[in-house]
Amino acid sequence: MGVGPPAGCEKVNVKKGLWSAEEDAKLHAYVAAHGTGNWTNVPKKAGLKRCGKSCRLRWTNYLRPNLKHEGFTSQEEELIVTLHATIGSRWSIIANQLPGRTDNDVKNYWNTKLSKKLALHGIDPVTHRPISEVKHSITTLHIAAATSTSLLNNNNNNNNNNNNSLNRDLKNILLSPSSTTSTATLPPRPGRLSLTKSPPKVHFRRRRRRINSSGPSTSLRTLFVPRGAR
DNA sequence: AATAAATTCAACCGCGGGACG
DNA sequence: GCGTCCCGCGGTTGAATTTAT
């Protein structure tokens, strides 16, 4: 898995980069005639020098009908912030709540606008807590790190066993520069799934179900089901 | 007007995981 | 159970565009 390029993407003459209007028209015409499904074969059948993955992305993020291409409304903004505070960067789930928006749209909008907007208002965009509160947590963490370092140094004197690497890793986590700018090592906030960039996927897992549609092809539906459920 | 810096966003990448033979 | 195919996701990149100097 994940070894080498996806099928159809290994050719040297496969085009990359921005799509031309002509390519868009070809893809649009193909999907209109045959529907979506098995993207691997789409480039060949549609007469495109692209890999299937690129075609799928172009379709889902840009050409698909009913997509909104105008700016986000304040209501949409509010919903994104609320959902991000609850479930973190699960862009596809957030986008599902916003008709006409793609996960890529939402992700880009968050990264370029909303996170900065929140920071401007003194809200940490990762934790959604006031930045002053987060800074206090970081200071506390630094004190804890210093204490840990001191303890580790004492315990490791004349001791060259396997625990050294374990302690070194612990030190690295506690003392890493990222811990001063990120809350990844802070304890989870009650009522939230996680504080990390990608909340742990213990609550949901993606399941795809092949469904028979009335259209010219079958397609897959993504479902989110609790872990352990079949 | 020139150009450097910042911003935007479409597209790419790598990976996880379901379907299926 | 295993291997392969394929799709979808989140993170990242970089070209195009805009803004600042």
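The backbone N, Cα and C atoms fix where each Cβ goes, and this holds for glycine too.
Note: TrEMBL annotation is automatic and uncurated.
Source: prediction; values computed, not measured.
Pulled from TrEMBL, these are the features on record:
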{"type": "COMPBIAS", "residues": "A:200-211", "note": "compositional bias 'Basic residues'"}
{"type": "COMPBIAS", "residues": "A:212-221", "note": "compositional bias 'Polar residues'"}
{"type": "DOMAIN", "residues": "A:11-67", "note": "domain 'HTH myb-type'"}
{"type": "DOMAIN", "residues": "A:11-63", "note": "domain 'Myb-like'"}
{"type": "DOMAIN", "residues": "A:64-114", "note": "domain 'Myb-like'"}
{"type": "DOMAIN", "residues": "A:68-118", "note": "domain 'HTH myb-type'"}
{"type": "REGION", "residues": "A:178-230", "note": "region 'Disordered'"}
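According to DSSP, the domain 'Myb-like' (A:64-114) comprises 32 helix, 0 strand, 19 coil. The DSSP breakdown of the domain 'Myb-like' (A:11-63), given as helix, strand and coil counts, is 34 helix, 0 strand, 19 coil. Mean pLDDT across the domain 'Myb-like' (A:11-63) comes to 91 in this model.
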